[in-house]
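Enquirer: Have a look at this one.
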Amino acid sequence: MKFTLTIVSAILAAVAMASPSVPRGDGDSVSDASYGDCLTAAGAKKVANNYASLIGQYTEAKAQNLLHSGFSETSDSINVLSKKPLGSVTFPTKAAFIAELNKFPVFPLSITSIEAYTCDTVVVRWTQTFGRTKPQPAAGISSLRMKKTKDGWKFYRIFTEFNSITYYQNMGGVCPVVAERASNNNIESTSTSRERGRFGHHLPQSPSASYLATHWPTLPMSPIATMPPLAVGLAVTFAVLMGFVLAITCMLYCRASGRAGDLNSHNLGFTPLTTIHEASDEEDEGEDDRRQRTARSPV
């Protein structure tokens, strides 16, 4: 019996040593054998509350205390708003994250549920509602990977995605694709620089113009459109003057051509219409005279 237990223990130890590492989304890996202290249900709840406090009640001192020295955050929802390549690490360092959040006003973040937790990771769902006129809740989900230190659990890797269109509208952005639906639901958005939220400084001042510039076909620009205003004014004035000059020249030419036609009609052998009528009358009178003379002469 003792021999059998020894064999079983040896087999289990060998399996544990040979077990493959579990890959993570950030490229790191951890094997089951490396797990030491793990999060409990109470610990997971504390992590969720710390996350809500970190984002929704942000201070730099709090970030310095809660973030691990090797911290990074990845979010395509943030990348698309801040015009960063999709799939890239949004904030590669703790310093980059702190520098970004230091620029903006703070909007409360409410944890709606803790979806799951493992030995070192907590998955939470949350909402943020902000804006001056009828804001809508922007819902998101975050995977919070923690690392235990002598000072407690620290945020090490954050992967978060959220409703970026709603977030964008709450910051004052206008999305032409959904603007009509928003108006039907009496959703109003306002554009004010003081309401630019987290990562909002990357947004254009006129979001609708930016959208059209991106999605509208590029048409060839007229040369006049590229001319300075003074040059356009001079060109228009010159065109008007040239029109008057051409009109006057045409009138003078037509008058001169009419007079020349009257003079040249005799030189070219043309007989005016009045001369033709006079000649016809003279011929008629001559014919009458001949008839009268013939009648008076004896046979």
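For all residues, glycine too, the Cβ spot is worked out from N, Cα and C.
Caution: TrEMBL annotation is automatic and unverified by curators.
Below are the features I grabbed from TrEMBL:
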- 1-18: signal peptide (SIGNAL)
- 37-173: domain 'NTF2-like' (DOMAIN)
- 230-254: transmembrane segment (TRANSMEM)
- 275-299: region 'Disordered' (REGION)
Enquirer: What is the three-state DSSP composition of the domain 'NTF2-like' (37-173), stated as helix, strand and coil residue counts?
Expert: 44 helix, 49 strand, 44 coil
Enquirer: Suppose you look only at the domain 'NTF2-like' (37-173); what would the mean pLDDT be?
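Expert: Mean pLDDT across the domain 'NTF2-like' (37-173) comes out at 94.
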